[in-house]
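Here's what TrEMBL has on this protein:
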type	residues	note
TRANSMEM	17-41	transmembrane segment
DOMAIN	19-462	domain 'Major facilitator superfamily (MFS) profile'
TRANSMEM	53-73	transmembrane segment
TRANSMEM	110-131	transmembrane segment
TRANSMEM	143-166	transmembrane segment
TRANSMEM	178-198	transmembrane segment
TRANSMEM	210-229	transmembrane segment
TRANSMEM	235-255	transmembrane segment
TRANSMEM	275-295	transmembrane segment
TRANSMEM	307-329	transmembrane segment
TRANSMEM	341-359	transmembrane segment
TRANSMEM	405-429	transmembrane segment
TRANSMEM	441-458	transmembrane segment
């Protein structure tokens, strides 16, 4: 009896570890593909004869489709099963990666980048949902720490791996391996996931909020498309009109949701203590993170003349600090978890200010550059990870799909807005030697605002995770 009792928890831990490995590998690929293409853009331009706007669509088309369909993917996961949607999204993502790698023209590449983003949108929300319903207590906190690490490391690895693959020019394939690398990994995950992921976790609901889906997707599209294409097109009138219409579409979405029998974002979810402010904080910290990665990559490669590989390697201290903080913050006493969010935001702000000082001379400013990068990584992890735990700890398992979709959308939209806003700020100042310094100062302000979102949480008594 003792042997059976001992084996049961061990078998459960093994099953949980395998599940976490599979779903986070899928998450890693989705994050990786948001940045891995950046360093391949010059080679694509030469090989495919792509225009500047065409390259922008190759890079941003994935993000646009991803951001637009995240809420849909989350709701479908709750209706049809997290396992089914994860594997479906992974299959679509893998197939689209293959077609991107074989694309004969820019138009075909753009089309399959959109499909790739749609596959990621079906897959990614199920990751948080599966963590929420599979883990509890301390094990959930550890799983969320690994999840946060994957997000941070994936963005940096994308730049490093992209530089390696393009530089290697495997068998004369130039840029194509940045997509084809997903295929064997995706097939392996499909084979393991189909056999080992649990088939449960499904809610039986009677309806699907089509009007809410349409109005929200329209609002996101009208906001995201001008943001990712605006600078390339010199901010045309249609972009400003579209962003104005996105506000109207959002208002229409809110009206539709008040009358919907099965709303995409249930009001009770936003009324749960800490969820709304945590979502706002996640948006801001990921806007700062995405904008910082993009602007600093431009500065290192464009202004300082670093190769894509060297620029990517300079981000390793930040990724390491982000990962270590994400994995270990739960070891602090529970009473420090919520204050840690504010303190970490201050650390990030200090890191950005140190970075501004390091770059003010027009060079790398080493070793202050690496120190500030590490501080930024640790600070952002100490803000992001507890905020995620705060939001999910107050959500019932039955609402895991809605919560994961909301948080994943805020995370992704934060990165999109951050890249667009801080990229535009940096590029508009690029002729000046102080472009990176000014951008760092604004990043410091946004990072501090993310910590400010946690101030209402300090008045609550519940443990975030």
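The backbone N, Cα and C atoms fix where each Cβ goes, glycine too.
All annotation found in TrEMBL is predicted automatically rather than curated by experts.
Across the candidate stretches 53-73, 341-359, 405-429, 441-458, the maximum count of CB pairs under 8 A to the transmembrane segment (275-295) is reached by 405-429. Long-range contacts of the transmembrane segment (210-229) within the same chain: residues 53, 56-57, 60, 63-64, 67-69, 71-72, 75, 238-240, 242-243, 245-247, 249-250, 252-253, 256-257, 260, 263-264, 409, 413, 416-417, 419-421, each at least 6 residues beyond the stretch ends and with a Cβ under 8 Å from a Cβ of the stretch. The list of residues near the transmembrane segment (341-359) in space but at least 6 beyond its ends in sequence, with Cβ under 8 angstroms from a Cβ of it, reads 281, 285, 288, 292, 299, 325, 365-366, 368-369, 371-376, 378-383, 386-387, 390, 436-438, 440-441, 443-445, 447-448, 450-452, 454-455, 457-458. Of the candidate ranges 17-41, 235-255, 405-429, 405-429 has the most C-beta pairs within less than 8 angstroms of the transmembrane segment (53-73).
A Cβ distance under 8 Å defines the sequence-distant neighbours of the transmembrane segment (143-166), meaning residues of its chain 6+ beyond its ends; these are 16, 20, 24, 27-28, 30-40, 43, 127-128, 131, 134-135, 174-175, 177-178, 181, 289-290, 293, 297, 307-309, 311-313, 315-316, 318-319, 322-323, 326-330, 377, 380-381, 384-385, 388-389, 392, 411, 465. Counted over residue pairs 6 or more apart, the CB atoms of the transmembrane segment (17-41) and the transmembrane segment (235-255) come under 8 Å in fewer than three pairs, which marks the two as apart. Taking Cβ pairs closer than 8 Å, the transmembrane segment (235-255) reaches residues 212, 215-216, 218-223, 225-227, 229 in its own chain, all 6 or more past its ends.
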